Amino acid sequence: MPMQGAQRKLLGSLNSTPTATSNLGLAANHTGAPCLEVSIPDGLFLSLGLVSLVENVLVVAAIAKNRNLHSSMYCFICCLALSDLLVSGSNMLETAVILLLETGALATRTSVVQQLHNTINVLTCSSMLCSLCFLGAIAVDRYISIFYALRYHSIMTLPRAQRAIAAIWVASVLSSTLFITYYDHAAVLLCLVVFFLAMLVLMAVLYVHMLARACQHAHGIIRLHKRQTPAHQAFGLRGAATLTILLGIFFLCWGPFFLHLTLVVFCPQHLTCSCIFKNFKVFLTLIICNTIIDPLIYAFRSQELRRTLKEVLCSW
């Protein structure tokens with residue numbers, strides 16, 4: 001298994017990252033000019049992964065325990081937690097295996113190591129795709145619940161949600177297998193980037209439309225009760241702030257990784273791009289951070305889920 005940087009991680013085509021020498025320092029590019037390189041200690045990376053793992057396991061356990069949470073909306077949230085769990089778990093597994101290989105605690109044939117590496121890469125890629133898909137699915141579910149409130153339960157039935165979930169998992173596994181097999185083709189990386197942009201646009205359009213409807217509804221209530229307009233403005237500002245945080249976190253955590261893939265396609269040998277490639281593990285760490293934040297945004301805001309979570313913790 002490769003030993004450092006992107007060679008240690010997803011997509012073997014990103015194999016230009018050299019060994020980091022400090023936690024935060026200046027590394028030299030091909031011309032000797034300094035470029036900023038941030039090294040994430042393995043201990044910190046594993047710790048963040050463990051936090052994400054525990055957090056998402058609790059979400060899955062709480063939803064599985066409470067039958068009142070067995071609705072289409074919570075099914076999507078549960079699958080988001082499961083995919084986030086796999087994202088953090090697969091990265092932790094690969095990091096742990098590499099550390100064992102480096103220390104000599106794990107000795108095996110090169111072919112076995114390479115097969116394990118490919119399997120982990122497929123798991124990582126498919127769980128990332130699933131995570132993005134379920135973020136989009138949650139946005140669609142909330143959009144339908146607002147704009148088709150009276151028909152929501154007939155549109156988003158549990159069997160229909162289960163079929164959508166199965167389709168997402170199957171498509172993600174098949175796609176990731178193809179992506180890892182043909183990782184050295186630029187079209188593969190571009191497909192991943194386009195998919196991320198499509199999810200970003202989908203979420204932005206749906207949530208902005210939902211915010212506009214919520215502001216319109218609040219304005220109607222204010223007019224009905226003959227209140228002053230500052231209340232409506234305050235509601236609009238709170239909604240805009242919430243939307244900015246939601247989309248901002250998504251973009252900041254996932255964007256650098258897909259920017260990295262874009263640069264691999266368009267400027268693999270450029271000096272500036274080579275400096276960015278050195279921080280590949282930072283981009284993966286941001287994705288792990290997103291898997292920690294997702295439950296706070298989508299799961300723990302539910303009072304019913306928090307109550308069930310307390311029961312789960314007390315039962316242990």
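Each residue, glycine too, has its Cβ placed from N, Cα and C.
Swiss-Prot assigns Ser72 and Ala212 to topological domains of the same name, so the membrane does not separate them in that record. Taking Asn15, Asn29 one by one, Swiss-Prot attaches N-linked glycosylation site to Asn29. Listed by sequence, the residues of this chain that lie at least six past the ends of the transmembrane segment (280-300) yet keep a Cβ under 8 A from its Cβ atoms are 5-6, 8-10, 14, 17, 38-40, 44-45, 48-49, 51-52, 55-56, 58-59, 62, 77, 80-81, 84-85, 87-88, 91, 128, 131, 135, 138, 246, 249-250, 252-254, 256-257, 260, 306, 309. Sequence-distant neighbours of Cys314 (S-palmitoyl cysteine) (same chain, 6+ residues apart, CB-CB distance under 8 A): none. Within the chain carrying the topological domain 'Cytoplasmic' (64-72), a Cβ under 8 angstroms from the stretch's Cβ atoms is held by residues 78, 141, 156-158, 160-161, 302, 304-305, 308, 311-312, all 6 or more beyond its ends. According to DSSP, Cys314 (S-palmitoyl cysteine) is assigned to a helical segment.
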